[in-house]
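One structure is given here, and the rest of the page talks about it.
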């Protein structure tokens, strides 16, 4: 009978019919132990070492919460406040994150486009962070607010109704006859030629890579304005402190 010694090998004692010179101590590869059953023709039984693949997390070595199992796009176990413990709340947070990410991407695209028009001289548009102080001539501020509330309220109401009852807003007559053009894929992912003109991720159930790319780009655009504002704050702080530093 073999006796385990340490972790790397086994020692088999000699029998009365075998010589001590015929018995050997074997150190198998990969740290697995092998057993000698015959001194003339020893056999090695390899053991397969399976290394568990750990999922990436936002902080290396951190165990993610059990309700964040990695199935959601962009799930790296980040929920320090435990907001997603309730499954129904987690579903709503996923939709809210999608909407905010898409607004952020649209905002960054608008910043780059208007700056391009301003720099090239095509249009005399204000800088994006000063646009809120500019008075537009084509409509009053009150009119713009009312129109925005009506349009955004309608869109957000339709989105909420589709979240409560998935697929209900794709029924005939629910969207001015444009239901076939929208062709909702699942809550948060409308499709069709209007919202998915390139036909990407038609199989939304297996489009995890596309979802991951979208949420990563969206979160980057969410963080980008904050970084710009912080950089402006530090520039302002340096200008204020520069005279005192010089003195």
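Positions of Cβ are set from backbone N, Cα and C atoms, glycine also.
Just so you know, TrEMBL annotations never went through curation; they're auto-generated.
TrEMBL assigns the feature transmembrane segment to residues 138-155, out of the candidate ranges 66-83, 120-137, 138-155. Residue 182 (chlorophyll b binding site) and residue 97 (chlorophyll a 1 binding site) are 21 Å apart (CA-CA, integer value). For the chlorophyll a 1 site listed in the record, the two most distant Cα atoms among 97, 100, 102, 213, 214 lie 15 Å apart. Below 8 angstroms of C-beta separation, not one residue of the same chain at least six residues beyond the ends of the transmembrane segment (138-155) sits close to that stretch.
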